[in-house]
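As annotated by TrEMBL, compositional bias 'Polar residues' applies to 257-267. The domain 'G-protein coupled receptors family 1 profile' annotation in TrEMBL covers 21-267. As annotated by TrEMBL, region 'Disordered' applies to 247-267. The transmembrane segment annotation in TrEMBL covers 6-30, 42-65, 85-106, 127-150, 197-220.
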């Protein structure tokens, strides 16, 4: 077993462990979404991007099972549908992830740069619903060609391996051109072989999909408290902070803005 195989196995195990933790965190947010500390737009956006992250990881698992030939009869029975399912889910959830990260960044930007109007924009208006709907509509539009236009051809070289090939000439030519330019160019820049290159790609995808639950549980007090209370049976004590101490030394005209920033930290 090469170091690439060992690292790939570690990445797969890490994703396998993360999926149930992520699902539990999403359930925690949904069940407590009406609480004062968890009812704000930020947590609704976390639920949306969490669904995209979980979907992306499950798509990877679907492909991993096929690559290890654990249940070949299942994938052979699916035929070209297996390739269509994986590519559709992979592109769909990846697009939703990217858009979700952008929306959360925009939400955090308004929380700190427009603290006096942040809650009015996100919590009291229709902006939150609009951006969530757009997130998934754009992601769906991204995979329409894979679902209805692109076609696959099955090339079976033996009784254990099934290869898929684009039958649409334009798509096949573009895909081959992309691979020959991008993969070769990135390999030359990174000075790695193809196996290592794809390990880096999968490792990056893994970190992008799995980092959110650990970051939120570790750094976000409301989520951490409710998560451990629901699933571990105990409450993590929260350290109190004195907002007055933060704003006391500020000029009088800056105090309302600073207090609004403090209130918008987790909104």
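In case you wondered, yes, glycine gets a Cβ from its N, Cα and C as well.
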Quiz item: Near the transmembrane segment (6-30), which residues from the same chain, at least 6 beyond its ends, have a CB less than 8 A from one of its CBs?
Solution: 38, 43, 46-47, 50-51, 53-54, 57-58, 60-61, 64, 199, 202-203, 206, 209-210, 212-214, 216-217, 223, 226-227, 230-231
Self-check item: Contact set, same chain, for the transmembrane segment (127-150): CB under 8 Å, 6 or more residues outside the stretch
Solution: 41, 44-45, 48, 52, 84, 87-88, 91-93, 95-96, 99-100, 103, 106, 121, 166, 168, 171
Self-check item: Overall pLDDT of the domain 'G-protein coupled receptors family 1 profile' (21-267), taken as the mean
Solution: 76
